Amino acid sequence: MATKALIIPAAGSGSRMRKEVPKPFLTLRGQTILERTLSVFMPLGSLRQVIVATSGEFAAGARDIMEAVLPDDVAGEAVIGGAERQHSIRNALERTADVDLVLVHDAVRPFVKLAHVEACCRAASETGAALLGIPAKDTMKRVDDRHIVRETPRRSSMWQAQTPQVFRKSLLVKAYERAAQDRFTGTDDASLVERLGEAVKVVEGDRMNMKLTYPLDLQMAELIIDNIQNQD
């Protein structure tokens with residue numbers, strides 16, 4: 001089985017949540033979002049390392065959470081994030097061990113399913129790069145700088161990208177090196193790999209794998225947790 005390292009970017013501010021604490025360190029029903037997210041990945045086979053990229057102020061908190069969640073055979077490390085998400089992940093990527101696959105997952109997606117993570121890893125082992133995604137349910141419009149509609153893409157070809165995004169380590173390192181050389185900033189890690197002309201496989205996930213961004217998302221997350229606990 002392919003060995004794996006997990007990178008968790010957790011350096012984002014809580015401004016859109018209207019909170020002073022970064023989103024990953026907010027508490028949901030007694031656990032931080034980061035703790036809930038990390039816990040999903042702990043049963044993943046051949047996981048060797050977890051690296052959390054966060055601000056210097058919260059690095060100690062990230063280490064404490066990893067110490068509580070990670071088993072003895074999974075190494076944990078907190079690195080200081082950069083000005084942009086891409087810089088944070090590059091800092092973390094430079095610290096990854098000698099593994100086959102690197103997974104990048106948003107700290108604020110605590111409801112991803114392990115089965116979908118495993119499917120994404122299998123796809124990346126075959127193709128070199130894969131990500132979770134869901135089919136677009138709304139009609140999408142391509143607009144210009146004046147917000148005038150220029151195109152309506154076929155909805156059947158539009159997918160909403162999620163995380164994790166999984167890559168052969170050598171491919172992701174090459175993609176980041178090229179992006180730095182070209183001073184290119186992408187919207188996600190897959191976009192850096194796409195620039196190399198490499199195929200990226202989309203593995204269908206589900207809408208539970210939501211990114212907690214706004215205050216309403218926290219309320220929805222609490223309802224999801226309550227529903228899961230009631231089912232148990």
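Yeah, the Cβs are placed from backbone N, Cα and C, and that goes for glycine too.
As given in TrEMBL:
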type	residues	note
SITE	Arg16	site 'Transition state stabilizer'
SITE	Lys23	site 'Transition state stabilizer'
SITE	Arg155	site 'Positions MEP for the nucleophilic attack'
SITE	Lys211	site 'Positions MEP for the nucleophilic attack'
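Put simply, Lys211 (site 'Positions MEP for the nucleophilic attack') is 22 Å from Arg155 (site 'Positions MEP for the nucleophilic attack') when counted between their Cα atoms. Here the recorded sites are Lys23, Arg155, Lys211, and the one ringed by the most other CB atoms within 10 angstroms is Lys23. Lys23 (site 'Transition state stabilizer') and Lys211 (site 'Positions MEP for the nucleophilic attack') have their C-alpha atoms 11 Å apart, to the nearest angstrom.
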